[in-house]
Amino acid sequence: MAVQRTFSIIKPDAVAKNVIGKITTRFEEAGLKIVASKIKQLSKAEAEGFYAEHSERGFFGDLVAFMTSGPVVVQVLEGENAIALNRELMGATNPKEAAAGTIRADFAESIDANAVHGSDSEAAAAREIAYFFAATEVTTR
């Protein structure tokens, strides 16, 4: 097993429900360390840039509108197999298909307002972390 870093967003729907602490507690109780974190209001340009890979898909406009509808929490998580572990904690993208006890099953409203985002690969994690954090903003604990 390897120590990895992964990127996480607590999305506007979860921030609005005031469950930031409940979600981060799940990360920490599963052995992930939060090594960078900030709350921010994404601009339209930031959201479009972050989700650029989806720009040709029909849901892109709605995704950007949702991600700019309120503040988000962007975080870097570190731990053994952090990418896979975070994805397991989040549950399926569609909360109706997410296993009981996962973040999305417990806190998400819909496939669009699904509480959290997590990197799906090492390459994505590196790209996503660099998009929001300078190297000097990420620490080791």
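Every residue, even glycine, has its Cβ placed from backbone N, Cα and C.
The active site, pros-phosphohistidine intermediate annotation in Swiss-Prot covers His117. Non-local contacts of His117 (active site, pros-phosphohistidine intermediate) by the CB criterion (under 8 A, 6+ apart in sequence, same chain) comprise Phe7, Ser8, Ile9, Lys11.
The ATP binding site annotation in Swiss-Prot covers Lys11, Phe59, Arg87, Thr93, Arg104, Asn114 and rests on sequence analysis.
Cβ packing within 10 Å was compared across the binding-site residues Thr93, Asn114, and the lowest neighbour count falls to Thr93. Of the listed binding-site residues Lys11, Arg87, Arg104, the Cβ environment within 10 Å is emptiest of other Cβ atoms at Arg87.
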